[in-house]
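Chemist: According to TrEMBL, the record shows the following:
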TRANSMEM  21-39  transmembrane segment
TRANSMEM  51-69  transmembrane segment
TRANSMEM  81-107  transmembrane segment
TRANSMEM  135-156  transmembrane segment
DOMAIN    137-241  domain 'CAAX prenyl protease 2/Lysostaphin resistance protein A-like'
TRANSMEM  168-188  transmembrane segment
TRANSMEM  200-222  transmembrane segment
TRANSMEM  229-252  transmembrane segment
Amino acid sequence: MPQPRAPLDLAAAWQRLGLSPLVLVLTLFVLLAGLRIYGYFGSDLFQGPPIMIGFVLMWLLPFLFLSNYGREQIGFGRKIALKWILVALLSGAVLASLCHFLGLALYGKGEQNWFVSVAYTYQSDERIALLDRHVAYIIFTIPAIIASPIGEEIFFRGMIEQSKRDSWSPPQCALLSATLFALVHLVHHGVYRGYNGIEFMPTAGTIWFGLMLVSSLAFSYLKQKGGSIWIPITAHAGFNLAMNTYIFYSLFVTQPQTLPAS
């Protein structure tokens, strides 16, 4: 059973280099964030492949950098209680619902609404307009409930949170991962390319940052209670499932357009 106050156990090759777990995860964060930023701002149009590559790389990180014990530390190989799977799924959906209705209350379906920003990235693929709404929903939702929940929870709730558990309290570790998680999600909403280059939506971006911070802390709490890394992965998947449902069946009704649902 992993010790709660033990540092993140790196694979032997990385230990021989004397690499600090915190330095490792922060370096990986910068590299992975750079890949995501390139996907959003590296060309005139949104590019999905660099972002998807980043998620897949996150899947591989525990096997590239951690020992077997290190993987146990971040929540692999632990028993999964059905109760916490259901609680996590529902919690993720509730968090997404709060984000959706707050966005509508504050900004309607305008560009300041965070889920509208996500919808615009979907719309950047012109082929979406040729698809039936239900088909488009399935095509965009399947990756959304698999790729980012697995990758981001392994990295943020797993590796980042465990990197300083030998000297920081669980709330401090959760706050570190939540802050970095919210920060990188500003590329989804809050930071955008305007006529004067990269610009920031001060109010809407700050609110979105806060929503992502709170959601991340909730995922951390669920992981602490459920034990397994699959608990926050399930919560994150529930969030994305609900988010895409709102996008395709509420925000897409008038703008952007897909073919009417049959």
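Any Cβ shown, glycine's included, is placed from N, Cα and C.
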Chemist: Cβ pairs under 8 Å with the transmembrane segment (51-69): which stretch of 81-107, 135-156, 168-188 has the most?
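Modeler: The stretch with the most contacts is 135-156.
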Chemist: With pairs fewer than 6 apart in sequence excluded, do the transmembrane segment (229-252) and the transmembrane segment (21-39) have three or more C-beta pairs that lie under 8 Å?
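Modeler: Result for the transmembrane segment (21-39) with the transmembrane segment (229-252) is no.
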Chemist: Just to be sure I understand, if DSSP states are collapsed into helix, strand and coil, how many residues of the domain 'CAAX prenyl protease 2/Lysostaphin resistance protein A-like' (137-241) fall in each?
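Modeler: Output for the domain 'CAAX prenyl protease 2/Lysostaphin resistance protein A-like' (137-241) reads 79 helix, 8 strand, 18 coil.
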Chemist: What mean pLDDT does the predicted model reach across the domain 'CAAX prenyl protease 2/Lysostaphin resistance protein A-like' (137-241)?
Modeler: 94
